[in-house]
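Asks: For reference, Swiss-Prot lists these features for the protein:
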type: SIGNAL; residues: 1-22; note: signal peptide
type: MOD_RES; residues: Trp54; note: tryptophan amide
type: MOD_RES; residues: Trp74; note: tryptophan amide
type: MOD_RES; residues: Trp94; note: tryptophan amide
type: MOD_RES; residues: Trp111; note: tryptophan amide
type: MOD_RES; residues: Trp135; note: tryptophan amide
type: MOD_RES; residues: Trp151; note: tryptophan amide
type: MOD_RES; residues: Trp158; note: tryptophan amide
Amino acid sequence: METLNIFLVIFSLLGTIIIASSSDESSERKKRDLDTIDDTNNDFLTADKRRPGWGKRSFDDDILNNLDKRRPGWGKRSDMLFDSEEIEKRRPGWGKRSSSLYDDEKRKPGWGKRSSALLDDLSLYNSIVKRRPGWGKRSDTFKVDIRRPGWGKRTPGWGKRSGPNMCMDFQDEILQLYKLLNEAEKLHSECEALNI
């Protein structure tokens, strides 16, 4: 019983020592992290520092002002239009969108023009399924089985397949019948040798 009590006392002392040492380390680590954050904030506030990829910012700009800095790759945005009206900025790669398309649904890059002012009123044009980029032109006269871009008329690895050729089919059938005839003659000769 006494050994159990001694063991529990030693175990509890070790636990408190470990907890105290870990809390000291964590408090030192927090202080060190806060110091580095303060140093970086002071560096950015004292000098006109910029992050990598953000490009140069003019000396007139103050870090504390409310000007929206643009992200890398977004290009220049005019401030006159931004002040006069709220314009939704385009993402890189989307290119210019004309003001006539501004209210319409924007198309993704690579999709090209899908509507025309002359054909918008026609219900036939609106009923045509638009093709995705890379699918090529599909004729409107008859329904074409949709295939993946680059496959052509046959799946890759199949080689050229000609149309129905009756001569080749007849030749294959003749060769198969000839092989069956040879097998039958061999079987007949073996049966005669065994007297069956």
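The backbone N, Cα and C atoms fix where each Cβ goes, and this holds for glycine too.
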Asks: I need the CA-to-CA distance for Trp135 (tryptophan amide) versus Trp94 (tryptophan amide), whole Å please.
Replies: 21
Asks: What Cα-Cα separation, expressed in whole Å, is found between Trp54 (tryptophan amide) and Trp94 (tryptophan amide)?
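Replies: Taking the Cα atoms only, Trp54 (tryptophan amide) lies 20 Å from Trp94 (tryptophan amide).
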Asks: If you count Cβ atoms within 10 Å of the Cβ of Trp135 (tryptophan amide), leaving out that atom itself, what do you get?
Replies: 13
Asks: With H, G and I counted as helix, E and B as strand and the rest as coil, say where DSSP puts Trp54 (tryptophan amide).
Replies: coil
Asks: I'd like the number of other C-beta atoms within 10 A of the C-beta of Trp94 (tryptophan amide), please.
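Replies: Cβ-Cβ neighbours of Trp94 (tryptophan amide) within 10 Å number 12.
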Asks: Work out the three-state DSSP category of Trp135 (tryptophan amide).
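Replies: Where Trp135 (tryptophan amide) sits, the three-state DSSP reduction gives coil.
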